[in-house]
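Novice: Sending over a structure as structure tokens; questions will come in a sec.
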Amino acid sequence: MKRNSLSSSSISLWLLFTAVMLQAVESAKGKYAHMLFNELFEDYSNALRPVEDTDKVLNVTLQITLSQIKDMDERNQILSTYLWIRQSWYDAYLKWDKDKYDGLDSIRIPSNLVWRPDIVLYNKADDDFSEPVNTNVVLRYDGKITWDAPAITKSSCVVDVSYFPFDSQQCNLTFGSWTYNGNQVDIINSLDSGDLSDFIEDVEWEIHGMPAVKNVITYGCCSEPYPDVTFTLILKRKSSFYIFNLLLPCILISFLAPLGFYLPADSGEKVSLGVTVLLALTVFQLMVAEIMPPSENVPLIGKYYIATMTMITASTALTIIIMNLHHCGSEAKPVPQWARVVILDYMSKIFFVYDVGENCTSPKREKEERKLEGDDGCQKRHKEVRSHLSNRNDDCDLKENLNGNLNKSYGVHGENVRETVNCCSCYKMLIKNIEYIANCVRDHKANRAKGIEWKKVAKVMDRFFMWIFFIMVFFMSVLIIGKAV
């Protein structure tokens, strides 16, 4: 028990001694840091370029880390990003011997106390021209200064929406000194591309790289070269949102346009269906126009909308023409011979168009047989009536002749003769009336057959244009999907 108590007390004493020593070391380093800071900045000025020889170039190493894409405003062509900008350079007047300061090799001080390169974003598109964030810099004993500063940048980006929503964009971020030329401050790339290790995935854009290129430009105003570093941000749009919210509804609506030809003409809804579909596509077209910039490049989805709207307009116009053919009555001209051969004989068989009033559940042959039987029965009954009446007429003529002979021979006059003559005259009037009715019925059937032929022509043309427009919609959809792939 005594040994255990002694060991625990020795451990606690050792820990206490270690803590005291560390605190003493930290206090010593803090004392040396204050001493170093006072000695370094006693005669230091951050207004001049920190080089011992004014003809010597000061190299500034630049590194950009992309953290997040905040927004891509296609209409105003502005890219908003969240960056971490690291700049490092050597200050000839901020060096010390670390052995004199108890091995102190670096200190952290406010960045406004040292000279900083005036590297700015050339293609900045922000109204705020405030100073950079005043974060601390890390100052090493050999004079190397490292300045890490976060920045939310808004840069101009030329957006090409020709293949929207399956487009890719390339946006440049050009950094360079605003006042120093290449003979005074030179910019060096830390890496061949921007750092994407800490990039937060965006919901709308995929990033496919951020290469960096150094450019040396001589402007017309000055003879000195001005270097800059351009980071090209390669973006690919995620099109799933636009496919399900803009493209797929348009494809589904466009397939309703050919179905307008399949709708019966007597329903009275053929033209209203086309107009409704056209208005729906107009709404989607306005939604796309609000997103896209007002440029000459029409996006791919906009072209698809325009082509679909043109097709629906043409289908509505054709529907009006076909409805006029459908409602041709007895006063219209007969169907031309070429239309009988081409449309009624050949095209009706190709598109499986039945006669008006028929459907696919009742076979055509049975209806034709019934129709023929009905016509033959009517004709037979008409012939029987006419033969019967003609026989009765012949009997009347015979009786009149006999009665006339009897009257001449014997001078017989009676009521039977009068009745016979009256009956025969009634039969003659009845025959004339029946013949008149039969002619009216025959004319009515001829006019009705003429209207039925025009209705069948309209039905065949409806089926023909329905398949034509279905093929057009299919190929247009395949074309835009092929562009997506």
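Each residue, glycine too, has its Cβ placed from N, Cα and C.
So TrEMBL has the following annotated:
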DOMAIN    35-238  domain 'Neurotransmitter-gated ion-channel ligand-binding'
DOMAIN    246-480  domain 'Neurotransmitter-gated ion-channel transmembrane'
SIGNAL    1-27  signal peptide
TRANSMEM  241-264  transmembrane segment
TRANSMEM  271-292  transmembrane segment
TRANSMEM  304-325  transmembrane segment
TRANSMEM  464-482  transmembrane segment
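Quick one: how deep are these features, and who are their neighbours?
Specialist: Counting only same-chain residues 6+ beyond the ends of the transmembrane segment (464-482), those with a CB under 8 A from a CB of the stretch are 247, 251, 254-255, 257-259, 261-262, 300-301, 304, 307-308, 311, 315, 318, 322, 347, 351.
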Novice: Considering every residue in the domain 'Neurotransmitter-gated ion-channel ligand-binding' (35-238), what is the mean pLDDT value?
Specialist: 90
Novice: Could you tell me what the rest of the chain brings near the transmembrane segment (271-292), counting residues at least six beyond its ends with Cβ under 8 Å?
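Specialist: Distal contacts: 74-75, 161, 164, 246, 249-250, 253-254, 256-257, 259-260, 263, 299, 301-302, 305-306, 308-309, 312-313, 315-316, 319-320, 323.
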